[in-house]
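A.B. asks: The feature transmembrane segment is assigned by TrEMBL to 6-27, 102-126, 381-410, 422-450. Positions annotated as domain 'PDZ' by TrEMBL: 126-172, 187-254.
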Amino acid sequence: MLLVKIILGLIGLGVVVFVHELGHFIAARLMGIEVEAFSIGWGKPILKKKIGAVEYRLGMFPIGGYCKMKGENEYQEALTNNQSEISKNKGTFYGASPWRRIVVSFAGPFANIIFAVLIFIVIWGVGFEVNTLDNRIVLVSDIDAGADYPADEAGLLSGDRIIEINGKTIENYHGIQESIAPNALKELSVKVDRDGTIVNLAITPSMDRSSGAGKIGVYFWTDPVVGSVTEGTPASIAGLRPDDRILRINGQDLPYSVALMPIMQSSPSVLTVDFERGGQEMQTDLVLAYKDDGSVDLGFNFKTITYHTPRLSPVQAIVKGAAETWKTFSLSVKSLALLFKGVDLTQAVSGPVRITYMVGDIATEGFGESFGAGLSSMANFLALISISLCIMNLLPIPVLDGGMIVLFIIEGIRRKPLNPKAVYAFQMVGVVLIFGLMIFAVFGDILFLAGRK
């Protein structure tokens with residue numbers, strides 16, 4: 001299973017990077033800049049064919065790709081030859097006008113945005129199955145006694161239904177997360193349905209230092225009804241079936257599914273389960289076998305809300321795709337701003353290892369439910385990564401596309417060729433910044449891998 005996750009993750013991440021480089025490639029050709037090589041994948045080429053002036057390659061590691069433009073490193077040659085200006089030879093990167101170079105630099109991130117829009121258009125155009133959770137909540141403090149959270153301070157209670165946040169209607173638990181996550185440390189108005197009575201509250205989400213996301217200290221409320229049972233697992237062997245309602249486990253009442261968490265913290269070897277089936281109360285024992293990492297598969301899932309989204313018309317799908325892309329883009333920008341508010345960078349910044357694992361994990365989880373759910377889950381996450389790659393590359397940091405755009409804008413305003421020493425110094429600043437960020441990312445990946453063992 002781990003190998004499947006890695007393969008799916010590499011494919012997904014590779015597609016997003018390939019799309020980015022394809023954007024640069026197309027723009028360079030349109031702007032009259034010669035492309036020496038365009039590669040699918042990295043490493044030594046295992047296949048290559050020259051068509052016209054471009055050598056197309058298939059790298060040994062078919063992940064992502066690169067676009068090598070003629071003369072893109074001419075500032076280094078100018079520096080070596082002690083030239084005061086970068087050569088402007090026809091057909092080269094620096095031989096093109098500043099605005100043409102800006103178009104080429106911007107094209108990579110823009111391609112990622114277009115890719116995300118297309119993903120959302122396809123998803124909403126064909127419709128997809130959604131597994132979601134109710135907007136009813138359970139306080140974390142009711143599960144983890146002794147801890148206080150914003151939800152407690154605001155006066156929320158387990159069993160409340162959050163129906164509105166800052167004027168936005170909330171239909172499910174995902175809606176709660178969407179409204180809370182980007183609003184850490186900001187006061188929000190919350191409308192709650194408490195046993196038929198509408199209650200208005202104010203709540204200020206705290207900030208999760210591992211991600212920068214807002215949190216209020218609530219779980220989803222799911223009735224303890226069995227949704228599915230996996231063959232050959234403790235639940236299957238014990239005789240549990242879908243639609244069984246679990247009443248008690250080891251003598252403790254189970255009013256909602258997350259009440260199982262504190263019971264499992266003591267690592268019991270046997271779970272005595274009292275459940276109701278067809279109006280009759282029954283009892284069975286689940287004999288548990290723990291893995292080396294302390295985890296255990298009970299073999300059943302609690303029932304969630306499942307529905308199929310409507311298939312939209314082409315025009316509706318385009319509008320929805322653009323709207324979803326903008327929403328994801330806005331949330332990503334807000335999340336990026338949280339990096340400057342005390343977030344633990346080793347947790348918040350993901351390197352290639354963690355991103356690859358996450359793509360594969362989300363895909364395999366979805367495929368475990370159905371082929372359609374797997375494609376939908378993976379596509380949604382790839383759209384998120386594609387948008388994130390766009391935003392990161394547009395940051396005004398030297399080496400990145402955004403930094404190069406700033407450099408070319410300055411050149412255009414000054415109406416003077418770039419000084420190779422200035423370009424070199426500018427690039428070195430970027431290298432240091434990116435290297436520092438990569439240290440956090442790699443260190444975070446190491447901690448992540450250690451946590452998976």
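Every residue, even glycine, has its Cβ placed from backbone N, Cα and C.
What TrEMBL says about a protein is an automatic prediction, not a curated fact.
Give me the structural setting of these features: burial, nearby parts and distances.
C.D. replies: Within its own chain, the transmembrane segment (102-126) has Cβ neighbours under 8 Å at 16, 19-24, 26-28, 30-31, 33, 69, 93, 96, 309, 311-312, 314, 316-318, 320-322, 324-325, 328-329, 376, 379-380, 382-384, 386-387, 389-391, 393-394, 401-402, 404-405, 408-409, 412, counting only residues six or more beyond its boundaries.
Proximity of distant same-chain residues to the transmembrane segment (381-410), defined by a Cβ-Cβ separation under 8 Å and at least 6 residues beyond the stretch ends, is recorded for 12-13, 15-17, 19-20, 98-99, 101-102, 105-106, 108-110, 112-113, 115-116, 119-120, 324-325, 328-329, 332-333, 336, 355, 358-359, 362-363, 418, 423, 426-431, 433-434.
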A.B. asks: By DSSP, how many residues in the domain 'PDZ' (126-172) are helix, how many strand, and how many coil?
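C.D. replies: The counts are 10 helix, 15 strand, 22 coil.
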